[in-house]
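Colleague: From Swiss-Prot, for reference:
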- Ala15, Asp37, Lys50, Val83, Arg134, Asp284, Val302: FAD binding site (BINDING)
- Gly156, Gly157, Gly158, Tyr159, Ile160, Gly161, Leu162, Glu163, Val164, Ala165: NAD(+) binding site (BINDING)
Amino acid sequence: MNANDNVVIVGTGLAGVEVAFGLRASGWEGNIRLVGDATVIPHHLPPLSKAYLAGKATAESLYLRTPDAYAAQNIQLLGGTQVTAINRDRQQVILSDGRALDYDRLVLATGGRPRPLPVASGAVGKANNFRYLRTLEDAECIRRQLIADNRLVVIGGGYIGLEVAATAIKANMHVTLLDTAARVLERVTAPPVSAFYEHLHREAGVDIRTGTQVCGFEMSTDQQKVTAVLCEDGTRLPADLVIAGIGLIPNCELASAAGLQVDNGIVINEHMQTSDPLIMAVGDCARFHSQLYDRWVRIESVPNALEQARKIAAILCGKVPRDEAAPWFWSDQYEIGLKMVGLSEGYDRIIVRGSLAQPDFSVFYLQGDRVLAVDTVNRPVEFNQSKQIITDRLPVEPNLLGDESVPLKEIIAAAKAELSSA
């Protein structure tokens, strides 16, 4: 099957690697070339802000596959190689070394890059103690600077910022976290969940300052290091290390230059195809119409990358892909496991199951009577049950969700019975 067809995958992150190995597992017999500008063996990214930063994981433990697995599966890994252009007429990608690779199918798994802090240009961006956290090199540089009693300023109150703050506190650093928003995790959680995490971090020793805008930096006399962070309210924060995490920009430039449709991501259809049917896109860079939510989304998560990669492998090998599953995310901070399923945008009320005073609760986001999303804190069973509620769009009784005397599995069973009798 497809013995003479060439697949070129641009991007050696999780999505790209999973497409390559998924194709082989699904029976693809043609050539598979995996091209990326990273010079290291493809690796997992989430542990960079957690176990790896804390010194509890090695670089080797992060490998997506062992180095010899690529050759064993006849997958050609071209690391340290940038794709500079796509020639759609010739069905070729042009590499930075001048070579051209033919393709019958092209998969763009270009991922994203950290959103730059506008005031961190010039010498600031080149300073060794000012970092974003996206690559293994970033994590290694930061890990070397997690020194007890040193001062860390974290800019950004999203998952990355909070995870880095938690790791640094455990390393006995003095940590200040700044966020322009009125609360941490404002974009993704309800106010009570934000309040829980703000309290958690403050109790651990993090100085959280919301509604705070960074306006500049002070540099050492040799312009090699940041020495202080300056805020619009006049605050000056001395710093030995500064880490910024204010979001991700999808890497769409290659697609845009090739004339593909781009709109906050590379636009794809239900078959994972871009505006050119021979070119597909996957992962953080891909924007698609969600059947679950009936709107266009671009999802930055490991589970989404895995699901889309498997879908591409199935489609290219002539198999039926799985239906869309509810997207989910996770974040580990201190000893607390936050797992989230669904997309909460558009919710009009929340229902809390459990007590927000303890690290053991779930928060249901509803639009009318429909559950859009659920945040669970240290409740893995309810997390898995919530995935079923959202993926299957079960008509659960909202008034029972907050009643812990009624097991969630009974609420789900009643909803299934209602569906089957309808």
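Heads up, the Cβ atoms here are built off N, Cα and C, so glycines get one too.
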Colleague: Closest to Val83 (FAD binding site): which of the binding-site residues Gly156, Gly158, Ile160, Leu162, Val164, going by Cα position?
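Modeller: So, spelling it out, the nearest of the binding-site residues is Ile160.
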Colleague: Translate the DSSP assignment of Gly158 (NAD(+) binding site) into the three-state scheme.
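Modeller: Looking at the DSSP assignment, Gly158 (NAD(+) binding site) belongs to neither helix nor strand, so coil.
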Colleague: To which of the binding-site residues Gly156, Gly158 does the lowest count of other Cβ atoms within 10 Å belong?
Modeller: Gly158
Colleague: Relative to the mean position of the Cβ atoms of Gly156, Gly157, Gly158, Tyr159, Ile160, Gly161, Leu162, Glu163, Val164, Ala165, the recorded NAD(+) site, which additional same-chain residues have Cβ within 8 Å?
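Modeller: Along the chain, the qualifying residues are Ser49, Val154, Leu177, Val184, Gly245.
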Colleague: Three-state secondary structure of Asp284 (FAD binding site) from DSSP?
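Modeller: Helix, per DSSP.
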Colleague: I'd like the number of other C-beta atoms within 10 A of the C-beta of Lys50 (FAD binding site), please.
Modeller: 18
Colleague: Between the binding-site residues Asp37, Asp284, whose Cβ has more other Cβ atoms within 10 Å than any of the rest?
Modeller: Asp284
Colleague: Distance between Ile160 (NAD(+) binding site) and Asp284 (FAD binding site) at the Cα atoms, whole Å?
Modeller: 16
Colleague: Please find, for Ala15, Asp37, Lys50, Val83, Arg134, Asp284, Val302 as listed binding FAD, the greatest distance between any two Cα atoms, in Å.
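Modeller: Per the listed residues, the maximum Cα distance equals 31 Å.
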Colleague: Filter the binding-site residues Ala15, Asp37, Arg134, Asp284, Val302 down to the ones within 10 angstroms of Val164 (NAD(+) binding site), Cα to Cα, kept in sequence order.
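Modeller: If one measures from the Cα of Val164 (NAD(+) binding site), no binding-site residues come within 10 Å, so the answer is none.
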Colleague: Please report how many Å separate the Cα atom of Gly158 (NAD(+) binding site) from that of Arg134 (FAD binding site), as a whole number.
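Modeller: Arg134 (FAD binding site) has its Cα 14 Å from the Cα of Gly158 (NAD(+) binding site).
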